[in-house]
Amino acid sequence: MASADDLHDFPEFDAENLNLLAASSREATAISIENPNNKPKKQRRVTGATQKEDDDDLLGNGDSDKTELLVGQKKSAPFWTFEYYQTFFDVDTNQVLDRIKGSIVPWPGKNFVRLYIRSNPDLYGPFWICATLVFAIAISGNISKFLAHFGKPSKHYVPEFHKVTIAATAIYSYAWLVPLALWGFLLWRNTKVMNIVSYSFLEIVCVYGYSLFVYIPAAVLWIIPNEPVRWISIVVAMCLSGSVLVLTFWPAVRDDHHRIAIATMSTIVAFHVLLAVGCKEYFFDAQDTTQTPETVASLTGNKTLPTAKAS
């Protein structure tokens, strides 16, 4: 670039033009000196914000307004259209697997909704988990009864296909009606206590649906005709699945009155235990694995009765 001294060789440049050129060069020099001092400040602010966002992600607090806005945009179609319900099944395999892993291994201090569900709540996982659990319980119950009657001529095994209907009614009622009641209760308490964490109905359904996955391998273990093994598997499944519910919904009610918060969590756990124990007792009856003396006596009496009549 030509300097101010080199321009003296050109007669068309007068003194005024030279002064303007020199002034502009001084301003450019001042700007170039000031810029390096401004960049580190901006970088420090960005670095601090990034660190805060990372901490929020680790703590499960990264539910920003941008994420909620994106979720709202995805569900902006009218509810009577196919596109509205299609968004509930817009989930890939990796997301479903991550949510299943999160429901099997709950971590204290980690919110299942904020970590896995809130960015993209779905019905695909809960629907197929409930369907798989229905057939797993019904089929395992029939196999368990068949094994209990196997090798006993006095008992004739008859497949109980009606167990599929009963299992479907119990599982889907629990996975939909209980979240509906809980969602309505949280909405009502949110009008009373402003600090209560709010969950949408779809998020609550996701939590309940994914929390039932651990019962699928437990139902397979119930085929073993051994009551201690069955009870150990059901207790482990209840603890893992119930921990997901407690860790998720306790932040939503802990700011409420102490008695109401304890009663709410107790009700959630009670329904959870009732489902597990009810399915085990109905579909895997302990009488199928053991033969009591009363049963032997009744069978003996039935055999001797025709002989007595004949004599």
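Start at 1 and count along the chain as shown; that gives each residue its number.
Placed from the backbone N, Cα and C atoms, the Cβ positions cover glycine too.
As written in TrEMBL, here are the features:
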REGION    29-64  region 'Disordered'
DOMAIN    104-277  domain 'Yip1'
TRANSMEM  123-144  transmembrane segment
TRANSMEM  164-188  transmembrane segment
TRANSMEM  200-225  transmembrane segment
TRANSMEM  231-253  transmembrane segment
TRANSMEM  260-278  transmembrane segment
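Through the fold, the transmembrane segment (231-253) approaches residues 102-113, 182, 186, 189, 196-199, 207-208, 210-212, 214-215, 218, 221-222, 260-261, 264-265, 268-269, 272-273, 276-277, 280 of its own chain, all at least 6 residues removed from its boundaries and within a Cβ separation under 8 Å. Tallying C-beta pairs under 8 angstroms between the transmembrane segment (123-144) and each of 164-188, 200-225, 260-278 places 200-225 first. For the domain 'Yip1' (104-277), the model gives a mean pLDDT of 88.
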